[in-house]
Amino acid sequence: MMVIGTARDKHTITTTTTTTTTTTTTTTTTTTTTTTTAAIATATATALAAAAATATAAAAAAATTTTTTTTTTTTTTTTTTTTTTTTTTTTTTTTTTTTTTTTLLLLLLLLPLLLLLLLLLLLLLLLLLLLLLLLQLLLLLLLLQLLLLLLPLLLLLLLLLLLLLLLLLLLLLLLLLLLLLLLLLILLILLLLLL
């Protein structure tokens with residue numbers, strides 16, 4: 001018996017075994033001829049029978065069963081390694097406190113208005129000064145006239161004029177204070193812009 005063929009696979013092992021039986025049939029035909037030489041025929045028949053027996057024994061000895069089994073086992077090991085890398089990104093946010101653009105725009109818009117207010121205040125001061133001068137001149141004229149006419153009335157007028165002068169001085173002081181405040185505001189705005 002012989003093994004013919006072996007199939008290989010990664011996971012399936014198939015073994016095919018083929019058994020071959022060989023039968024040897026030996027037919028020996030012995031023909032005996034009776035002649036006058038009977039002894040020769042007998043000897044020949046005996047030799048032929050011995051040869052047939054030897055051939056049969058040799059055939060029986062030659063009929064050997066050979067069994068060859070080839071088993072091939074293929075083991076495939078697949079190792080899958082999965083590496084998971086986790087990347088952590090740290091974002092650092094730095095918050096810086098600065099003056100916003102809206103406040104800057106407002107300050108820039110306020111600057112011309114403040115300058116206009118300053119100019120108006122200066123004009124008012126000049127007008128007040130002129131009025132004071134005119135009033136003083138008028139008072140002097142009135143005083144001269146009153147001196148000529150009535151001294152008591154002149155004194156009353158002088159008192160009134162003094163009161164008016166005091167009021168005007170107070171107004172001037174108030175205007176000066178307003179100007180100083182406006183100047184301080186402008187300086188603060190400029191400092192903020194520079195920062």
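Including glycine, each Cβ sits where the backbone N, Cα and C put it.
What TrEMBL says about this protein:
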type	residues	note
REGION	70-94	region 'Disordered'
TRANSMEM	104-130	transmembrane segment
DOMAIN	109-195	domain 'ABC transmembrane type-1'
TRANSMEM	137-163	transmembrane segment
TRANSMEM	169-194	transmembrane segment
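Within its own chain, the transmembrane segment (137-163) has no Cβ neighbours under 8 Å among residues six or more beyond its boundaries.
Residue counts for the domain 'ABC transmembrane type-1' (109-195) under DSSP, split into helix (H, G, I), strand (E, B) and coil, are 85 helix, 0 strand, 2 coil.
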